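Taken straight from TrEMBL:
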{"type": "DOMAIN", "residues": "168-276", "note": "domain 'UBP-type'"}
{"type": "BINDING", "residues": "CYS192, CYS195, CYS212, HIS225", "note": "Zn(2+) binding site"}
{"type": "DOMAIN", "residues": "323-868", "note": "domain 'USP'"}
{"type": "ACT_SITE", "residues": "CYS332", "note": "active site, nucleophile"}
{"type": "DOMAIN", "residues": "642-683", "note": "domain 'UBA'"}
{"type": "DOMAIN", "residues": "718-758", "note": "domain 'UBA'"}
{"type": "REGION", "residues": "759-807", "note": "region 'Disordered'"}
{"type": "COMPBIAS", "residues": "777-799", "note": "compositional bias 'Polar residues'"}
{"type": "ACT_SITE", "residues": "HIS830", "note": "active site, proton acceptor"}
Amino acid sequence: MAADLGELLVPYMPTIRVPRTGDRVFKSECAFSYDSPESEGGLYVCMNTFLGFGREHVERHYRKTGQSVYMHLKRHVKEKATGAAGGAIPRRRNGKVFLDLELNRDFNGDEYECEDEAKLVIFPDHFEIPLPNIEELPALVTIACDAVLNAASAYKKQEPDSWDEEIQVSKHARSLRQQDNGVRIPPSGWKCQKCEMRENLWLNLSDGAVLCGKWFFDGAGGNGHALDHFKDTNFPLAVKLDNITPDIADIYSFDEEEAVLDPQIAEHLQHFGIDIIQIQLNGTDNGHHDTDNTNNVRPRVSEWEVIQESGMKLKAVYGSGFTGIKNLGNSCYLGTIMQVLFSIPEFQRAYVGNLQRIYDYSPLDPSTDFSTQMAKLGHGLLSGLYSKPPMKSELIEQVMKEEYKVLDWHQPKGISLKMFKALVSNGHPEFSSNRQQDAQKFFLHLINLVERNSVGSENPNDAFRYLVEERVQCCQTQKVRYTQKVDYLMQLPAPIEAASNREELIAYEAKRNEAEENMRAPPEPVRARIPFTACLQAFTEPENVPDFWSSELQAKSAGVKTSRFASFPEYLVVQVKKFTFGVDWVPKKVDLSIDIPDFLDLSRLRGTGLQAGEQELPDLTPPIVLPEDTRDNSMNSSDSPEIDESAAMQLAEMGFPLEACRKAIYYTGNMGPEMALNWIIAHMEEPDFAEPLALPTFMEPGPSVASSGLAATPLDSHPPEESIAILTSMGFPRRHTVQALKATNNNLERALEWIFTHTEREEEETSDALSDMADTTEPNDNAFSNSNTHSDSTLSPDQDASGPRIKDGPGRYELFAFISHIGASTMSGHYVCHIKKEGRWVIFNDHKVCLSERPPKDLGYIYFYRRLSSS
């Protein structure tokens with residue numbers, strides 16, 4: 001028999017690999033579904049790529065790759081036989097087989113036991129070889145099987161990337177010298193001292209310099225000025241400003257090139273006026289219902305119970321659209337966003353409606369493909385395969401035993417998004433950690449990923465995208481400028497001063513202060529009740545423009561800005577601005593409720609453009625702000641304007657034409673890659689998008705080329721014929737090769753990449769252009785979008801065909817979902833979402849999905865509205 005098995009495996013030996021260091025072995029989750037070894041069909045692990053596949057998807061991988069040998073893993077979980085010793089650990093046969101395999105469900109170890117089964121399966125004949133079979137298998141196969149069976153989880157290998165793990169105390173912490181320069185850091189309003197970035201800011205603990213961090217793959221980050229500052233000064237430690245809480249402070253050592261701990265961080269922050277001791281005393285919610293916490297316990301307990309509808313007999317629901325998401329530990333911010341997104345027909349159609357096409361054209365490693373993982377997630381939530389009600393026999397068993405834990409094992413625990421989270425958080429400093437995050441930030445992060453991965457295909461972001469009309473007025477000259485920008489989310493102020501119970505709040509504050517002075521227990525908390533109309537009024541109020549440059553005065557001046565809707569999106573996302581920093585640097589959530597309406601009419605907030613009697617500010621390009629050490633030289637030079645070439649190259653590496661990246665950096669004032677990326681997305685359809693930058697000289701400000709509509713006149717930059725010949729010989733059309741070479745400065749390698757990323761898109765846009773102009777409704781119906789299409793959704797008649805795709809319509813909406821946050825800070829606590837389905841509100845609390853009895857609409861954090869049909 002040994003000889004027979006050896007001969008049988010000989011043709012496949014070159015395809016069988018032993019996992020090396022760095023290889024991820026996916027033996028707990030299918031790459032295309034949420035099947036696992038506990039599923040009915042088990043899981044098949046490819047012995048070459050180590051990817052896992054469920055029964056329905058392993059054949060696809062075999063046909064695509066020709067890989068024939070798979071390891072089939074199956075775990076049987078069953079109730080212990082009567083008379084088993086109480087408290088015993090579940091018996092696990094073939095214990096070494098699944099040495100590091102995690103259960104996808106929770107169960108009571110005293111009630112159940114595991115039986116693990118593994119075998120090699122050879123396709124296409126499905127020939128099975130039970131394992132272990134050491135004596136009969138070739139040595140290489142035995143070693144490979146043993147390595148796969150004992151490999152660590154594919155996700156555990158990524159956990160050290162989390163800043164919660166293996167962080168050491170910095171060698172500079174105890175000897176850090178801080179300059180006595182009088183610097184005091186305010187609790188808000190920070191910006192980089194070199195480029196005026198307002199995100200990803202780091203405080204240098206030696207001199208108090210506030211500077212931006214490095215640029216990240218998703219467009220977030222900065223220009224690396226914090227690192228440049230270290231190179232100039234050798235001041236080694238910096239702390240991230242917006243992450244300072246009682247339990248968390250992200251500290252980085254530029255000298256040691258890693259995240260570190262600082263045991264004296266409280267003292268180092270106090271030097272610059274940040275009292276972390278006071279933050280610790282005031283406390284923050286840790287995301288758990290802690291009845292032992294006597295400090296201000298009542299409002300948190302109340303919020304926890306109200307939002308989760310605790311104490312009510314909620315009826316569980318099952319089936320399509322009612323699948324829960326397992327909490328991986330502080331991952332509820334991700335789960336709630338994904339639940340809401342896949343309740344929207346545009347996302348259902350883009351990913352689940354195109355499931356087979358996406359799967360058929362997925363790369364060899366589908367775990368790293370965004371569209372594949374989105375389709376997998378959408379199908380997992382909408383198919384109903386992972387949300388089945390308990391069988392009648394199990395219900396009878398529950399009644400007979402009167403033990404809810406027995407039924408609890410049989411019930412599904414929701415799908416686990418480990419593979420999805422690993423993909424969308426890869427390289428991100430916050431989402432790749434195991435800490436709680438802001439759901440609003442993750443929503444925008446996901447929108448960015450969808451935007452980047454929808455080139456040449458249907459973009460579900462069209463449902464959220466809208467134009468904002470910004471009116472900026474120079475206070476000194478009274479002249480105005482109207483501009484438009486793309487946005488995906490409306491941030492709604494919550495003015496405490498407009499609370500309907502203002503007198504009650506004032507009385508409570510006085511009693512609380514008196515109680516603190518006299519060391520007595522605090523009074524019963526009072527929650528601010530703010531009318532929604534007051535929030536809308538605050539949104540429409542003018543706001544000051546920091547560092548406003550008046551083109552009329554050609555100097556900095558005071559300016560105010562008001563915002564209106566230039567178009568209304570199909571789905572309006574509204575974030576209530578609940579979170580703030582107190583004057584004592586304590587990050588906190590304002591305890592408030594807002595009477596959020598079910599129906600919303602924002603028609604009066606539509607922008608009107610330039611009005612009669614208003615005078616426009618001159619359309620002049622602001623001068624580029626240059627560093628002091630180069631200013632004198634540049635004033636006497638007529639060369640091209642100063643542009644941050646490193647930032648331009650970072651954008652070019654994402655596949656955008658270099659000249660377009662340089663223009664984006666210039667027109668956003670050298671404010672960094674993130675702002676430039678927004679400019680690129682807004683202008684990438686313009687005909688001169690990839691043309692070289694052409695501007696007036698630095699000393700002679702002139703009309704803005706981009707805003708005046710005048711095309712730049714480039715120098716003769718026709719690519720060399722030999723380069724064109726090389727690319728056309730590969731089968732590409734001459735027109736595309738010329739475009740590609742021009743866009744990449746005649747770089748053959750980058751031109752080839754440009755062709756692959758732009759050709760398909762150009763062909764599809766050309767064929768779709770006429771139909772898009774005529775089609776004023778959402779395209780093609782499917783099983784996941786029937787009654788939710790909106791005939792009022794039209795392309796704006798004033799929309800430039802080369803601009804961002806905007807589907808304008810009436811500003812009347814109906815609330816269909818909201819996400820609530822429990823806790824005192826976005827960096828801790830818990831998220832729950834409520835979604836209206838089939839006329840009933842449903843609560844999604846991690847893996848628990850139930851009909852809602854009292855949806856707490858007044859306590860939400862992010863609200864989702866859908867446009868009402870005019871009929």
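Using the three backbone atoms N, Cα and C, a Cβ is placed for every residue, glycine included.
Those TrEMBL annotations? Automatic predictions, nothing curated.
Bear in mind that the values here come from a model prediction, so they are computed numbers and not experimental data.
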**Prompt:** Which whole-number value in Å describes the distance between the Cα atoms of CYS192 (Zn(2+) binding site) and CYS332 (active site, nucleophile)?
**Reply:** 32
**Item:** Cα separation, CYS332 (active site, nucleophile) to CYS212 (Zn(2+) binding site) (Å, whole number)
**Value:** 29
**Prompt:** Other residues with Cβ within 8 Å of the Cβ centroid of CYS192, CYS195, CYS212, HIS225 at the Zn(2+) site?
**Reply:** GLN193, LYS194, GLU196, MET197, LEU201, LEU211, GLY222, ASN223, GLY224, ALA226, GLY672
**Cα separation, CYS332 (active site, nucleophile) to HIS225 (Zn(2+) binding site) (Å, whole number)** = 33
**Asked** Which chain-mates of CYS195 (Zn(2+) binding site) that are at least 6 residues away have a CB under 8 A from its CB, listed by sequence?
**Response** CYS212, GLY222, ASN223, HIS225, ASN670, MET671, GLY672
**Item:** Cβ neighbour count (within 10 Å, all chains shown) around CYS192 (Zn(2+) binding site)
**Value:** 23
**Item:** Inter-residue Cα distance where the pair is HIS830 (active site, proton acceptor) and the residue listed as 'active site, nucleophile', in Å
**Value:** 7
**Request:** Looking only at the domain 'UBA' (642-683), report the model's average pLDDT.
**Result:** 81
**Request:** Please work out the helix, strand and coil residue numbers for the domain 'UBP-type' (168-276) from the DSSP assignment.
**Result:** 19 helix, 20 strand, 70 coil
**Complete:** Secondary structure of the domain 'UBA' (642-683) by DSSP, residue by residue, totals 29 helix, 0 strand, 13 coil
